[in-house]
């Protein structure tokens, strides 16, 4: 990834001070030692953020003084002046009323996240390292080099011993089939939806919009049709099925649901995000295609969105922004996550060695668009000033990296792998607690593709960290290549919903992940 940094100043004494007598009483104090620079920056942030208010204070004071000095004659003259300009007042009032009416009628409708749920597979589908490697060996499809490669990937992946693989992969030999893939999809999607309908008390017939995303499994009838059939959804439902869009499709599905909720009034939208492993396990020996076997695991989520004003009182979050970046016009980006056949004709998903660099470029573009929407004016001024100085004077200074911790309270970084989380932590200058939800989700559930950001949000809630007006940044990467962001604001102190994925294990986390 493209890296940048903020230059820091060391306030310590220089090495040349040894043996030199200094009379402290005759010198100015070393402010770099006496003042913590982070508090200076914090003070600057508050000053700039409230600059408009500070500018209005003198104006308000002057108006208040002038108003206090007015007498009855002054008020009478003001009234006479207004009477002679009655036509102007009426015209201005009419324009004001018309403008307010147009604004109210055309402004975007708020989209509320009422609740969401995450599927948790039964314990008999757990795949600890030992069992995973034993089954890989017993299939007879992998040579010794491939087995050793998978073992090393598992050890460095950040996955724990409790992730899940589908039932067909537990059989010896594995039994991938269309029927088994349908069974996995039904268990995941219906499992998440059953919890969602139970927790929200929303009837399936009340759902007006349905968006389902699954990248690699697209049967006929579609996954969305399977849900319509299962829950007997109404005949005029607007249903969509997104395929082949990778791990960032969950944010794309939310964006599509948001756009539909702007058009269709007073309704609910359900977004189901999942991935299917059964028919997409790779049984060859090409190293770049073996990595998904070691990272991807069973998981899925269901999200209930609403544009009903009455739902604000019970909703958890309000959608603030969605920013999408697509780098598919570049050939390297387009092929960096690519489903293909190897030389032996076995199908799998190949990951390019340029993946991290391409993800870094997509991230840079995405946050360049997102930054002005969410960053305080203080950070935008610092970034702009540094950019101007660098361009005009060709100064050898590093670009200023905005402090996104001032814009967001929580970060849900797609748990695509340990390297992805490490790079974002470093490049965005985040603290360990900011990436804790991502690391723990990767450890407990593995890479659940587009649903991983919801397991991470559930982790934050289960820890009791989500407070009213907190802002959450969900960021995901996917094939194509895409980088997508969603920003949510908590409408209350959010607690974990019933049957959450962390319900019986949150007290064991965070865990120490070995390197």
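Here the Cβ of each residue, glycine as well, is placed from N, Cα and C on the backbone.
Curation plays no part in TrEMBL annotations; they are all automatic predictions.
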Listed range which TrEMBL flags as transmembrane segment, given the options 22-43, 44-65: 44-65
Annotated range (TrEMBL: transmembrane segment) out of 86-105, 106-125: 86-105
Count of other CB atoms lying within 10 Å of the CB belonging to residue 247 (active site): 29
Fewest other Cβ within 10 angstroms of its own Cβ, chosen from the active-site residues 326, 414: 326
247, 326, 443, 447 filtered to the active-site residues whose C-alpha is within 10 Å of residue 414 (active site): 247, 447
Average model confidence [pLDDT] within the domain 'Beta-ketoacyl-[acyl-carrier-protein] synthase III C-terminal' (409-489): 96
Cα-proximity to residue 447 (active site), 10 Å cut-off, over active-site residues 247, 326, 410: 247
Euclidean distance between Cα atoms of residue 326 (active site) and residue 410 (active site), Å: 24
C-alpha spacing of residue 443 (active site) relative to residue 247 (active site), in angstrom: 17
